[in-house]
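*Asks:* Got a structure for you, questions after.
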Amino acid sequence: MKVLWAALLVTFLAGCQAAADAPIKVEQPVEPETEPELRPQTEWQSGQPWELALGRFWDYLRWVQTLSEQVQEELLSPQVTQELTTLMDETMKELKAYKSELEEQLSPVAEETRARLSKELQAAQARLGADMEDVRSRLVQYRSEVQAMLGQSTEELRARLASHLRKLRKRLLRDADDLQKRLAVYQAGAREGAERGVSAIRERLGPLVEQGRVRAATVGSLASQPLQERAQALGERLRARMEEMGSRTRDRLDEVKEQVAEVRAKLEEQAQQISLQAEAFQARLKSWFEPLVEDMQRQWAGLVEKVQAAVGASTAPVPSDNH
């Protein structure tokens, strides 16, 4: 299918667009005869993306219009309508993008003119979209009718479809012509608006250019002064700046020294306070535990004396009973 599209696109770009179909023989599907030229496609084809997309849709419609055996087989499946839907969406997308681009160029044009042109272009765009949708609907209807008449003769349906497609192709050609003309008007308006915008910019830039000339003349007069005088003035300014910075640096160093001395004094004072608090706490602990230690020593001494007395009593000699 892609190879066939490429061949049809080459024919499309060469300007070999035909508008009328040759009659189809009802005995059996055959390749159509060469169609007479209705209008050379190059008259409205300018290479815009939307026109190229419309050309692909056009060539695909020509291929469908042949009603060859391959077309007959694919018309019974949704592939053809899906391809047409894709080509329709692509065409309308490119057309909307081109329209948006022209609308940006129309910004300097009067609002009333821009609204009128946009309304006319939208109407032509809607007609083209409706006719493309009509083509797709006809093919869907044909597929449904053929499927309903399986096993019966479909020659009348094919002849009727061929007639409808010829009419739709003529309508599409008229829509494309109308759309191309309105886009040309749209583009002319955009070009005129752009020229007005350039004139307005030139008027605004005039004073700025004059100011630039005055400034350049001032710079030129300064450049004519002796180089030694300018260097001396620059040296004086640098010297004054360095002296000012040195004075500020010395003042800042003095402030830092004073702050460091204050911090050192505070740290020494806090260290002394901590030392005194530690000595007081040590004395307090000593006063707490000394009575307890003395009491424990007394109790221990008494316990030792009692043990010694008990041991001495148990070792004393027992008197004998010999008389």
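Cβ atoms are placed via backbone N, Cα and C, with glycine included.
Here Swiss-Prot flags 1-18 as signal peptide. The region '8 X 22 AA approximate tandem repeats' annotation in Swiss-Prot covers 86-261. The feature repeat '3' is assigned by Swiss-Prot to 130-151. Taken from Swiss-Prot, the feature repeat '4' applies to 152-173. Annotation source Swiss-Prot lists phosphoserine at S153, citing similarity to another entry. Residues annotated as region 'LDL and other lipoprotein receptors binding' in Swiss-Prot: 164-174. Sequence annotations record features per position, and here Swiss-Prot assigns heparin binding site to L168, R169, K170, R171, G235, E236, R237, L238, R239, A240, R241, M242. Summarising the annotation, Swiss-Prot assigns repeat '5' to 174-195. Among the features that Swiss-Prot reports, repeat '6' is placed at 196-217. Residues or ranges marked as region 'Lipid-binding and lipoprotein association' by Swiss-Prot: 216-296. Among the features that Swiss-Prot reports, repeat '7' is placed at 218-239. For 272-323, the entry in Swiss-Prot reads region 'Homooligomerization', with the evidence type similarity to another entry. Here Swiss-Prot flags 284-296 as region 'Specificity for association with VLDL', drawing on similarity to another entry.
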*Asks:* For the region 'Specificity for association with VLDL' (284-296), what's the model's average pLDDT?
*Replies:* 83
*Asks:* Hey, which bits of the same chain come close to the region 'Specificity for association with VLDL' (284-296), Cβ under 8 Å, at least six residues off its ends?
*Replies:* none
*Asks:* Mind tallying the region 'Lipid-binding and lipoprotein association' (216-296) by DSSP state, helix then strand then coil?
*Replies:* 78 helix, 0 strand, 3 coil
*Asks:* Among all protein chains shown, how many Cβ atoms are found within 10 Å of the Cβ of K170 (heparin binding site), not counting that one?
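*Replies:* By my count, 15.
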*Asks:* Within its own chain, what residues at least 6 apart in sequence put their Cβ under 8 Å from the Cβ of L168 (heparin binding site), listed in sequence order?
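*Replies:* Once residues fewer than 6 apart are set aside, L168 (heparin binding site) is near L61, D131, D134, V135, R138.
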